[in-house]
Amino acid sequence: MIDMSQQAAPAVGTPPAPGGKQTDGRTVRRSPVLRLLARPEVGVFLGAVAVLVFFLVAAPSVRQGGSMATILYQSSTIGIMALPVALLMIGGEFDLSAGVAVITSALTASMLSYQLTMNVWTGVIVALVLSLAIGAFNGWMLMKTGLPSFLVTLGTFLILQGVNLAVTKLVTGNVATDDVSDMDGFGQAKAVFASSFDVGGVQVKITVVWWLVFAALATWVLLRTKYGNWIFAVGGNKDSARAVGVPVTFTKISLFMLVGFGAWFVGMHQLFSFNTVQSGEGVGNELIYIAAAVIGGCLLTGGYGSAIGPVFGAFMFGMVNQGIVYAGWNPDWFKAFLGVMLLGAVLINLWVRRTATRR
């Protein structure tokens, strides 16, 4: 990965960059502040703090522990999916099928468990295999055809949307699956994917813990492993990456499979939280995941971003979503707030990057 602490100096005879000092005639060492601003998550962190302070003032009930737990839960269900979507975007691609893939996974586990009277863990495992296969298909089709990921995953989105509804009606005779709460293994699965635990008298959802664990793992992968270097390389320039020995095909396909894993996990959470699944859900959520990643500092062009930024991006979504309710405002304004937040975050990120790279 590129060392963001240094950059090329101006031509000989020009003064050194403001805030830095010329060390060898070729390199300008930037100040700690500029190096900090160069981090992709700095802009969204400042935005998240601003949104939090705003709703702490506008909606006093947000200050209560239970309210904050609800906000974190709302953020975690977005954030778990935003993480692999962000890694995929750093790798230069994005997935429009992520939202409906969540429901495909949940429907698969539910119908296998109930209609075939299987232990729910059998359905969970089959759903995982299917989700990984969908991700692998997206990646394979992308690399095989050379089509943009927008077109490939748009096709997958439409296929899954139709299959979700048609198969659910065919198998259950309804648009929703049957209640699986009485099936064998339900209690254990709920404990893993949808349980709560007490923190100082406040019930916190297990998804908040999983969200933070996945974020820490993704950060370690990006910054401390060879695979993380591959992700940045294929997102920056896949031809150059291939020329220096980076396994581009493997990296791209595996990134789509990571999105499949995220879809499976969130799908299992939805199933074991509500015991049933509506086949028409999930449409539009893929845009929320992508927006959380973009707000978190990822570029649509790839090669730039972090795993921490989407955590703050997802928190901003959760904060706005629940903050509007706690403030007593009309929830119809939610999407408008999200649009303003997205544009504002993009402009802030642009300003931060220009400030950090200005010489």
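A Cβ is built for glycine as well, from the same backbone N, Cα and C atoms used for every other residue.
Whatever TrEMBL says is automated annotation, not expert-curated.
According to TrEMBL:
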- 1-27: region 'Disordered' (REGION)
- 36-59: transmembrane segment (TRANSMEM)
- 71-89: transmembrane segment (TRANSMEM)
- 96-114: transmembrane segment (TRANSMEM)
- 120-140: transmembrane segment (TRANSMEM)
- 147-167: transmembrane segment (TRANSMEM)
- 202-223: transmembrane segment (TRANSMEM)
- 244-267: transmembrane segment (TRANSMEM)
- 287-304: transmembrane segment (TRANSMEM)
- 311-327: transmembrane segment (TRANSMEM)
- 333-352: transmembrane segment (TRANSMEM)
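For the transmembrane segment (71-89), the partner stretch with the most Cβ pairs below 8 Å, chosen from 36-59, 147-167, 244-267, 311-327, is 311-327. Annotation: stretch 36-59 has the most Cβ pairs under 8 Å to the transmembrane segment (311-327), among 36-59, 96-114, 244-267, 287-304, 333-352.
In this chain, the transmembrane segment (36-59) does not touch the transmembrane segment (147-167); fewer than three CB pairs sit within less than 8 A of each other, excluding pairs fewer than 6 residues apart.
Counted over residue pairs 6 or more apart, the CB atoms of the transmembrane segment (287-304) and the transmembrane segment (120-140) come under 8 Å in fewer than three pairs, which marks the two as apart. Listed stretches 36-59, 96-114, 244-267, 333-352 were compared with the transmembrane segment (120-140); the greatest number of C-beta pairs under 8 angstroms is found for 244-267. Same-chain residues lying 6+ beyond the ends of the transmembrane segment (333-352) with a Cβ under 8 Å from its Cβ atoms: 37, 40, 42-44, 46-47, 51, 288, 291, 294-295, 297, 313, 316-317, 320-321, 324.
If one looks beyond the transmembrane segment (96-114) by at least 6 residues along the same chain, the residues whose Cβ comes under 8 Å of a Cβ in the stretch are 81, 85, 120, 122-124, 126-128, 130-131, 134-135, 138, 150, 153-154, 156-157, 160-161, 163-164, 167-168, 171-172, 177-180, 183, 259-260, 262-264, 266-268, 270-271, 276-279, 281-289.
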